[in-house]
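Shown next, in structure tokens, is the structure this report addresses.
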Amino acid sequence: MLGRLAVRQAVRCSKASIKPVNTHQLCLRNFSAIRRLSFVAGAQCRPYHTTANMLHRTARGEHGMAACGNPSAAVKFERLPTFAEPTHYNVRLSPCLNQFSFDGHATIDVTIKEATDVLKVHAQSLLIQSVSLITQPGDASKSLETSYDDKLNILTIKLPTTMQPQKVQLDFKFVGELNDKMRGFYRSQYKDKNGTEKFLASTQFESTYARYAFPCFDEPIYKATFDVTLEVENHLTALSNMNVISETPTADGKRKAVTFATSPKMSSYLVAFAVGELEYISAQTKSGVEMRVYTVPGKKEQGQYSLDLSVKCIDWYNEWFDIKYPLPKCDLIAIPDFSMGAMENWGLVTYREIALLVDPGVTSTRQKSRVALVVAHELAHLWFGNLVTMKWWTDLWLKEGFASFMEYMFVGANCPEFKIWLHFLNDELASGMGLDALRNSHPIEVEIDNPNELDEIYDSITYAKSNSVNRMLCYYLSEPVFQKGLRLYLKRFQYSNAVTQDLWTALSEASGQNVNELMSGWTQQMGFPVLKVSQRQDGNNRILTVEQRRFISDGGEDPKNSQWQVPITVAVGSSPSDVKARFLLKEKQQEFTIEGVAPGEWVKLNSGTTGFYRVEYSDEMLTAMLPDIASRRMPVLDRFGLINDLSALLNTGRVSIAQFVQVAASSAKEDEYVVWGAIDEGMSKLLACAREMSEDTLKSAKQLVVKMFEQTGAELGFAEQAGEDSQKMMLRSLVQARLARAGHQPTIDKFTQMFNDFLEKGTPIHPDIRLATFGVVARYGGKEGFDKLMNLRETTTFQEIERQTMVAMSQTPEESLLAQLFEYGFEKNKVRPQDQLYLFLGTGATHMGQQYAWKYFCEHIKEFLDKYGGANSSLFQRCLKFAGESFGNEKRAVEFQDFFCNCNVLSDTDRQTLARPIGQTVEAIRLNARLLESNRQIIENLLKQSNV
């Protein structure tokens, strides 16, 4: 997202209602400095690490890396001074969609709290035409001199004299660009039903992009009310956070001025506008809130599912939080070009089309459940984030972690068909653990020294780990107590700002426990524990010895000797679905006694997999559980947790691939999608190692996979059966896809037949097995299959199918076809920038694909930086990771690291920004290499013993 590209000077629209600016009002010696605002782009951010001192070992990262760059060249960050704060904005913008520009006029009511002779605001990529000051209503404005820091995006305004505490008003006139970088006030492009190219304008202001649209105090602590007027062409729809209160024609009659009601107090990153040819469907909540879903023409019917869900969601949150949604309306709008999944602007929530729109006959179950989660996530932000906002980005998790948790609470309670808490285990818990097990992770409460670092923390720590820790705390305190604490927190800090300690205080008051003491270790230090457990029998009691240490994927030592307070739940074989005992582990090692456990009865920690920790069992304890895993008597949440822990322990060397395969083989009768997903992940590690060893080894490993998956695949078949739930079709897709990738010819033939019947006879492919079908065609269909997929992508109008064809085609084993795909997507720009990272997604399927993707990234890094807006763009950082993380040897790790050290396209600030993403990718490559070296002989022996 972010840009260091030159932004061309905006071309102004000719509009009678915008008065020409008297440029003689400008101080000439400051004009060039101000004008640079339209040509430079400084340090910015947004979603998904902090200053990591280039690629050195740092206090916040432990993974040693070769030094490169010049740390002293990093820009020293400076926040706005606290001697002044805004109370109200009046913003009037006049966008010209076809000229990609807008004129602006903004006033800011400012309270000066301490004597000062300057005021400072943020502005970026704006041509500031005049700045003036009004000290008393009715007084003449005074033109002011300014200077601009293009590194900090701070406009310093020199006051006519030292001013004592008082209220003043700043007045700005400016011109800006409707950019194509999906940040600030930007343009989005689409084609109508006749193939005509159209544009709409939308916004993305989180984290620091409101300054692209108007001068402002662009930090979350500065809350103010907003009046917004948008001057647009008569045939266009204009939207903002609040409801429309007037529409008046301009003097020439060609445009209209749309004025919106005054907003509640909110941070600048939550302001939003949208302008374009839009249509909508609407409904009302029980409390009378007008809900609308807006789309480009021809797609509004696809918004019905989200509209119905959003109505239910607002009503449910009103009750759960015991605070009514305070605005009269809430619009949800699908934007064709959108870098995030969605953005929670108060009253005008923006989404990618794929994250909001559902076609009942085309959307897969998995995607439909994701839409439900995203809709619920953004609407939860209306309380967590909008009503109560973090003071600074260090506490970003206060909004993202709780919105992530509440989305599951809502969908779990209102959409039981998705069995969403099962998917939570892999999508949230395992995802958060996967990143947090790296030495190059970061704490949930991560120090943000510079907003340039923000992009890298919109990641699985801020979202998935925070979400999982909230779930653990909710189970520990109980949902009613947890809810009571959250209500207290929201009511206490509504329309204001908070820090993590404020939340712990509210939860402590609600529970009567010291929640800060319990939870600070989980949010202030990176990583999480693995509990090593052993046992002994004492009559009818079981004595457990539990030792905690930080779980690190490379199996090495924790230099910080981290320690947590760990809520432990225990289940036993005689009553596997119940919690037999609860303990709180406070020391490095403790003994716990469980009464009434018969000799030979299994004992499992982390009952229900509610805790954010892994468990390493003695061989005796693990063996005792195998029969109940095989019979599925052990609950599904626990089966997943056990197998997922074993899969993660593979990398540490504490579990071998042979041990994992033994447990996986005991699950031959497994019937749950999420458990098979954990098995599939572990077998993927076996296949990745085998691929690095030799073609013969890979062939034998694939035969072992077929042996494990074949029976289940035969039982499932390919067709949906009457009465089965949504999870069964997803399981069918997972198992059959794995068989096909392992070279099982009958499965490949069946997928191929299904695809041909779809093209030739119009026989529909079930949405839940469509991606697997496309993947088989790309892998085994040669150029003919590739061309068919390309034609399908060119002719479809549905984004999920567009994305699935891209992911599938990137798996081709033919370099010429992969080159064609990359040229199509990147060089011809046939794929939207927000979706281009999917072109990397399947390349790790082959050695050729790995090497091609990495080489392509290296050769085109400048284009990627320009296209995505700089090194701190989340899109750029994710492409960087996808291009390298599937490698599996030390040579590649060094090559990857050295490239970024020596790349002359990158500045020292870029390297500083990329330190953690690069470190995480290098660490992932080395983990792959370590897994291979520790299991090479074990794999050879395993394959021989398996007679494959």
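Positions of Cβ are set from backbone N, Cα and C atoms, glycine also.
Around the Cβ of Ala342 (substrate binding site), the same chain contributes Val349, Thr350, Tyr351, Arg352, Ala355, Leu356, Val374, Val375, His377, Glu378, each under 8 angstroms and 6 or more positions distant in sequence. According to Swiss-Prot, the substrate binding site annotation covers Glu206, Gly341, Ala342, Met343, Glu344, Asn345.
The Zn(2+) binding site annotation in Swiss-Prot covers His377, His381, Glu400. Within 10 Å of the C-beta atom of His381 (Zn(2+) binding site) sit 24 other C-beta atoms, taking all shown protein chains into account.
According to DSSP, Glu378 (active site, proton acceptor) sits within a helical segment. A 10 Å cutoff on Cβ-Cβ distances gives Glu378 (active site, proton acceptor) a total of 27 other Cβ atoms nearby, all chains included. Look at Swiss-Prot and you will find Glu378 tagged as active site, proton acceptor, backed by sequence analysis.
Positions annotated as site 'Transition state stabilizer' by Swiss-Prot: Tyr463. Under the three-state DSSP scheme, Tyr463 (site 'Transition state stabilizer') falls in the helix class.
Annotated substrate site Glu206, Gly341, Ala342, Met343, Glu344, Asn345; additional same-chain residues within 8 Å of its Cβ mean position, judged by their own Cβ, are Gln204, Met340, Val349, Thr350, Tyr351, Glu378, His381. Taking the C-alpha positions, the distance from Asn345 (substrate binding site) to Glu400 (Zn(2+) binding site) comes to 14 Å. Maximum intra-site Cα distance, substrate binding residues Glu206, Gly341, Ala342, Met343, Glu344, Asn345: 13 Å. Neighbour list (Glu400 (Zn(2+) binding site), Cβ cut-off 8 Å, at least 6 residues apart, same chain): Gly385, Tyr458, Thr462, Tyr463, Ser466. Between the alpha carbons (Cα) of Glu344 (substrate binding site) and His381 (Zn(2+) binding site) lies a span of roughly 6 Å. Counting every protein chain shown, the number of other Cβ atoms lying within 10 Å of the Cβ of Gly341 (substrate binding site) is 18. Met343 (substrate binding site): 25 other CB atoms within 10 A of its CB, across all protein chains. In this structure the alpha carbons, written CA, of Met343 (substrate binding site) and His381 (Zn(2+) binding site) are 9 Å apart.
According to its DSSP assignment, Gly341 (substrate binding site) is coil.
Taking CA atoms as the reference points, His381 (Zn(2+) binding site) and Gly341 (substrate binding site) are 14 Å apart.
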